[in-house]
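Accompanying notes for the structure given below.
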Amino acid sequence: LQGIFVLGLPYALLHSGYSGLFLIILAAALCCYTGKILIACLYEENEDGQLIRVRDTYEDIANACCKKLSPKLGGIVVNVTQVMELIMTCILYLVVSGNLLLHSFPYVLVTEKTWSVIAFVTLLPCVFINTLKIVSKLSQLCSLVHFFIILVVMTYCLTQIHQWSWAKFRLSIEFEDFLVSVGVIIFSYTSQIFLPTLEGNMKNPGEFRCMLNWTHFFACVLKTTFALTSFLTWGEETKEVITDNLPSFLQTLVNLCLLTKALLSYPLPFFAATEIVYTCISRGNHSNYRSPLFALGVRGSFLLITLLMAMFIPHFALLMGLTGSVTGAAMTFLLPSLFHLKLKWKKLSFLEKCADISVFVLGFLCSLAGMVCSVKGLLEVFG
């Protein structure tokens, strides 16, 4: 919940004004809600009224919803959507790493693509990751680095408190700029892809809802505080990535920390994507598809694909925006609410049904608006 997107929140406030603060809180509440209803779809009541976990993955939920139409159709759609988003996330981390290395060592005569290859070499050990426990340790280190970056930026902002002015906030906003802000804010909270696996690996799954409430609450508080203090410090001069506003003596330090964070963030989406593909391929009875060597080959192939796409896809940011608008909104809002309505319709109250339908409509509008803006940007780039 505290990814690189957080660094774009002050820029989102620049274009959304006071409504941006409301959006940060609303997005936390909505994403927390869709996370809960998604996990609720994993369970069914037995004859004694006790909840039993009858499904394990996002794919299982989709198959249960589409079994009358086609037993495997829902799972295929969900898996393709998940893998697309996860691979695009991995590619983004490689692109970001190359860019950060280029700006951290401008005196070294090396291109951004070469820096991406160097970053890729440090990620080669990822092919040997075969358990979520290893990923969780790397994610812990990633969180520590992230909080250090936030601390550096906020400490500098607090030294400039004498320059703060609420007059910097906009009352009127441009619609297209506002849509960009909505995308940045909402997608800074997305985690639904990982939730079924995380809940299934918890020592006490009964604490999942409580965990989700607290993590989204603290994420919301941190995002709001960070975005607000940063925007009040730089106002109209706020850049897309807030660390670019820092003085040069802090920029290099923060860029290297961001590089570390990007490299430590890579294993989680990479592991999730390869596990989905490996599970789908090895589902048959053929023993060759279940061997450790085959799993190693799958992970190695994915690692190489992310490098090639990072080096050769032009206008990656726009393509990422387009993919995120489709897959991000689908996995975060559209599918959880749709699946919950389908599987739990008879047991939902009127208010719960209204909530699910509202989330679905909101997700559809966000997805449509994001697609229009991204396609428009691509058309402008390609003339």
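Using the three backbone atoms N, Cα and C, a Cβ is placed for every residue, glycine included.
Noted in TrEMBL for the protein shown:
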type     : residues : note
DOMAIN   : 2-372    : domain 'Amino acid transporter transmembrane'
TRANSMEM : 20-43    : transmembrane segment
TRANSMEM : 76-95    : transmembrane segment
TRANSMEM : 115-132  : transmembrane segment
TRANSMEM : 144-166  : transmembrane segment
TRANSMEM : 178-198  : transmembrane segment
TRANSMEM : 210-233  : transmembrane segment
TRANSMEM : 253-281  : transmembrane segment
TRANSMEM : 293-313  : transmembrane segment
TRANSMEM : 319-339  : transmembrane segment
TRANSMEM : 359-379  : transmembrane segment
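Only residues 6 or more beyond the boundaries of the transmembrane segment (210-233), in the same chain, are considered here, and those with a CB under 8 A from a CB of the stretch are 1-2, 6, 9-10, 12-14, 20-21, 24-25, 28-29, 31-32, 35-36, 150, 153-154, 156-158, 160, 163-166, 168-169, 188-189, 202, 242, 245. By number of Cβ pairs under 8 Å, the transmembrane segment (144-166) is matched best by 253-281 from the list 178-198, 253-281, 293-313, 359-379. Highlighted: of the candidate stretches 20-43, 115-132, 293-313, 359-379, 293-313 has the greatest count of Cβ pairs under 8 Å to the transmembrane segment (76-95).
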